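A.B. asks: My questions all concern the structure below.
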Amino acid sequence: MQSFEGKVAVVTGGGRGIGGSIAKALAARGAKVAVVSRSEASCGKTADEINAEFPGAAKAYALDVADHDAVAALGKEVVADFGGVNILVNNAGVTRDGLLMRMKEEDWMTVLDTNLKGAFNTVKAFMRPLMKAEDARIINIASVIGLIGNAGQANYAASKAGLIGFSKSVARELAGKKVTCNAIAPGFIRTDMTDALSDDVKAAILGKIPLGEFGEVEDISDMVVYLAGPAARYITGQVLAVDGGMTM
Ligand SMILES: NC(=O)c1ccc[n+]([C@@H]2O[C@H](COP(=O)([O-])OP(=O)(O)OC[C@H]3O[C@@H](n4cnc5c(N)ncnc54)[C@H](OP(=O)(O)O)[C@@H]3O)[C@@H](O)[C@H]2O)c1
């Protein structure tokens, strides 16, 4: 099994769903994990579950990734707590779906601030320790919607397409320091986010997935483990779709 012994990972949106699976997968392989989410209850639960199995492997940090100053403070706190950072996973994300005719400015801003500015904030906060670390990794969780768009998700699509462009630019800027930066574009993965969709919408999506089933959170955390490990040392600036063939 891939070992992340001696490595420190920061996982935003680590309280639930895909981020919870990523935090647990990295901790199970020996990493110390800073679990970040909006609510203390949520990141605290993931950290408690990890610590129950791997004592001292996780610490919870509750904050809004859209808050630039709070994330800058997080950068200092995580380095003080764990001594450095090797892996940054930007996974925190939200949806505020609606057709453009009805979409409010607030729906646009919340999604862009969380999904896109949140990643800017964390990269700024952790850039120095990542550049100091050996073979550091930045992994951004985008979406197939950022590649193909979706009616009713203009804000979300823009945030995820922006995250992809951001990832490629970060990859170019940090390549000289051997920090890689890649994006994963999940398709439809079973989580609270997708459970909220109606049965009609789910059935329509299922019809567009060649492999004929929805993905599980482990499909994404397995890809994060791969990208964070040494086998992916020569991969940077890429978008890896994990989507059952939706976007082929
Ligand atoms: N599920 C899918 O099919 C799918 C497909 C493509 C891409 N994605 C992307 O994958 C990521 C995870 O999705 P998911 O389905 O696991 O979502 P989820 O179940 O709704 O969980 C989202 C996590 O992000 C955290 N979060 C949201 N806003 C935040 C903020 N402003 N500051 C800090 N943390 C915040 C939440 O914190 P709390 O727990 O405290 O609320 C939660 O832990 C998202 O970026 C999403 O866009 C998901």
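Any Cβ shown, glycine's included, is placed from N, Cα and C.
Per TrEMBL, the feature active site, proton acceptor maps to TYR156. Per TrEMBL, the feature NADP(+) binding site maps to GLY13, GLY14, GLY15, ARG16, ASN91, TYR156, ALA157, ALA158, SER159, LYS160, ILE189. Marked as domain 'Ketoreductase' by TrEMBL: 7-192.
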A.B. asks: Within 10 Å of its Cβ, which one of these binding-site residues (GLY13, GLY15) has the largest number of other Cβ atoms?
C.D. replies: GLY13
A.B. asks: Taking the residues GLY13, GLY14, GLY15, ARG16, ASN91, TYR156, ALA157, ALA158, SER159, LYS160, ILE189, which the record names as binding NADP(+), find the longest CA to CA distance and state it in Å to the nearest whole number.
C.D. replies: 24
A.B. asks: Select the most exposed residue of ASN91, TYR156, ALA157, SER159, where exposure means the fewest other Cβ atoms within 10 Å, treating these as the recorded positions.
C.D. replies: ALA157
A.B. asks: Of the recorded positions GLY15, TYR156, SER159, which ones put their CB under 6 Å from ligand 1?
C.D. replies: GLY15
A.B. asks: List every residue in the same chain as ILE189 (NADP(+) binding site), at least 6 positions away in sequence, whose Cβ is under 8 Å from its Cβ.
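C.D. replies: Long-range Cβ contacts: GLY17, ILE18, PHE214, GLY215, GLU216, VAL217, ASP219, ILE220.
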A.B. asks: Just the number: how many Å between the Cα atoms of ASN91 (NADP(+) binding site) and TYR156 (active site, proton acceptor)?
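C.D. replies: Rounded to the nearest whole number, the Cα-Cα distance is 14 Å.
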A.B. asks: Would you mind pulling the DSSP three-state label for GLY13 (NADP(+) binding site)?
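C.D. replies: Where GLY13 (NADP(+) binding site) sits, the three-state DSSP reduction gives coil.
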